[in-house]
Amino acid sequence: MELWPWLTAALLLLLLLVQLSRTARFYAKIGLYCVLCLSFSAVASIVCLLRHGGRTVDNMSIISWFVRSFKYVYGLRFEVRGQKKLEVDGPCVIISNHQSILDMMGLMEILPKRCVQIAKRELLFTGPVGLIMYLGGVYFINRQRARTAMTLMADLGDLMVKENIKVWIYPEGTRNDNGDLLPFKKGAFYLAIQAQVPIIPVVYSSFSSFYNVKRKLFTSGTIRVQVLDAVPTRGLTEADVTKLVDTCYQSMRNTFLQISKMPQENSTIKEPGVVPVQ
């Protein structure tokens, strides 16, 4: 029995569903996103190994180049303000809000040189994605073991000063798409004070106008990015952590609400399934 007619029929049915159903389009795009992450991670891992031979922060520039191409597939645009504020000579702690799986594209869009991220340990075991994160110098934290996480953060504070590394952290600790910011955890702020390096807040506008899991919405759109002024920590001690957290939280929350109120471009009024390349 020939399989090609059945495969062709199944493919045509899938294309029809994608055209007619927003839910089908949503899951198709999520599936494509996962495929892109796995395939590009595998290719990027080979390039990183050939170029630098192993784990190094210098691999992040290679990873960034691959991930930035995703936006053309999904018709996403980034409007960035204040990016030069990230181009500081010394080490710093960069903090940003965390909304969805699309955050990786936003991060790589403005990632400065010699910058690594802190991620949960579970991501290390995600095949090619875990491998490329390891090769890029990402630091993995076991959130189930607070003592181990604190030790790693202490070591990281010494390392970032010694090797002139910037560290990117999501202080909310988890993804959040409720239209506001979650309370910040204090790890990033302890790290900055320990290393006596500035904190640079980065705020991404809400994705809700073009990406919404509950509504199964995934279209094209514009993401506004605002890099805020650096917050100095020199001379501060652990006693100042709470005030430092509140200062950063309030400035980031105000900025988030402001840039998220601005009209967002999306393709909900265009023909189903059509994603313009920006």
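Placement of Cβ uses the backbone N, Cα and C atoms for every residue, glycine included.
As written in TrEMBL, here are the features:
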SIGNAL    1-23  signal peptide
TRANSMEM  30-50  transmembrane segment
DOMAIN    92-207  domain 'Phospholipid/glycerol acyltransferase'
TRANSMEM  123-141  transmembrane segment
* Asked: Average pLDDT across the domain 'Phospholipid/glycerol acyltransferase' (92-207)?
  -> 90
* Three-state composition of the domain 'Phospholipid/glycerol acyltransferase' (92-207), taking helix and strand from DSSP -> 47 helix, 23 strand, 46 coil
